[in-house]
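Visitor: Below are the structure tokens for one structure; questions will follow.
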Amino acid sequence: MGKKMSLILGAFLSVFLLVACSSTGTKTAKSDKLKVVATNSIIADMTKAIAGDKIDLHSIVPIGQDPHEYEPLPEDVEKTSNADVIFYNGINLEDGGQAWFTKLVKNAQKTKNKDYFAVSDGIDVIYLEGASEKGKEDPHAWLNLENGIIYSKNIAKQLIAKDPKNKETYEKNLKAYVAKLEKLDKEAKSKFDAIAENKKLIVTSEGCFKYFSKAYGVPSAYIWEINTEEEGTPDQISSLIEKLKVIKPSALFVESSVDRRPMETVSKDSGIPIYSEIFTDSIAKKGKPGDSYYAMMKWNLDKISEGLAK
């Protein structure tokens, strides 16, 4: 009986050690992947499109939330501290002064252009109205697909530098992704070229479509200029309504990541319908329309062109 029990215990210990070693091996393999942090869902999605399953990816600002102003969670602090590479937008979105990202990387003892990189590097910056100095940049450069391509190339460059063993995968995925974005950009320009000039006006809550306007030849109007300002004050709303009496667009649009009520007031008082919700600072939740950078841009381009052509 004692011998039999010893054999059973021996077998059990062998299985236990095998499972433990297997589990440890899995954890080691997982930890071997490049640890990447992106500040928001748009940058995270671009990174995922290029890297696939070659990295461990963490996105800081949750889907649907405003990346302009955010309070990092303990998990964000931990992931940032342990990251091999961090991607952020820059140009006045989440950085500068006492901005949340500036404090986050400082506390994590990370170094710019060594540990964290602005994916907007190299774009032609557009400034807020009446401004031209640092800290007054319009951050929404990704709303021009040509800039989205620049973002993607910057991401791929740093992934390759940090993880050269997966260079071939990153280059292959980048090439396919850029081709996809270029095709959509070309289609978008054709769509907006076909719309009458007197119908071209994008009206949104935040004045975030300057890059889009420049790329696709469609002027924009808004209630407030950037989400770090007061949003939807009576003066802002009445000022836009007065403009709309002169311009008379066929449709209004409201962003998925802002309070709808100011634009609903504009719609009610101006008599102009809200045609569609559109995406600016965040992609949609998985499985919903607009759940990737490509999908959100396609949605925006389709809905805006449809609304203006009415």
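Heads up, the Cβ atoms here are built off N, Cα and C, so glycines get one too.
The shown structure was predicted, so the numbers you read here are calculated from the model rather than taken from an experiment.
Quick paste of what Swiss-Prot says about this protein:
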BINDING   His68, His140, Glu206, Asp281  Fe(2+) binding site
LIPID     Cys21  N-palmitoyl cysteine
LIPID     Cys21  S-diacylglycerol cysteine
SIGNAL    1-20  signal peptide
Visitor: For His68 (Fe(2+) binding site), list the number of other Cβ atoms lying within 10 Å of its Cβ atom.
Guide: 20
Visitor: Tell me which residues of the chain lie with their Cβ under 8 angstroms from that of His140 (Fe(2+) binding site), as long as they are six or more apart in sequence?
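Guide: The answer is Leu93, Cys208, Phe209, Lys210, Tyr211, Phe212, Thr280, Asp281.
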Visitor: Starting from the Cβ centroid of His68, His140, Glu206, Asp281, which together make up the recorded Fe(2+) site, report each further residue of the same chain whose Cβ lies within 8 Å of that point, ordered by sequence.
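Guide: Sorted by sequence, the hits are Asp66, Pro67, Leu93, Pro139, Cys208, Ile226, Asn227, Glu255, Ser257, Thr280.
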Visitor: Please report the DSSP secondary structure of Glu206 (Fe(2+) binding site), reduced to three states.
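Guide: The residue in question, Glu206 (Fe(2+) binding site), is strand (DSSP, three-state).
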Visitor: Could you tell me which three-state DSSP class Asp281 (Fe(2+) binding site) falls into?
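Guide: DSSP assigns Asp281 (Fe(2+) binding site) to coil.
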Visitor: Tell me the Cβ contacts of Glu206 (Fe(2+) binding site) under 8 Å, same chain only and six or more apart in sequence, or just say none.
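Guide: Residues satisfying the criterion: Tyr222, Ile223, Trp224, Glu225, Ile226, Asn227, Glu231, Glu255, Val258, Thr280.
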Visitor: Including all protein chains shown, what's the count of other C-beta atoms within 10 A of the C-beta of Asp281 (Fe(2+) binding site)?
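Guide: For Asp281 (Fe(2+) binding site), the count of other Cβ atoms within 10 Å is 26.
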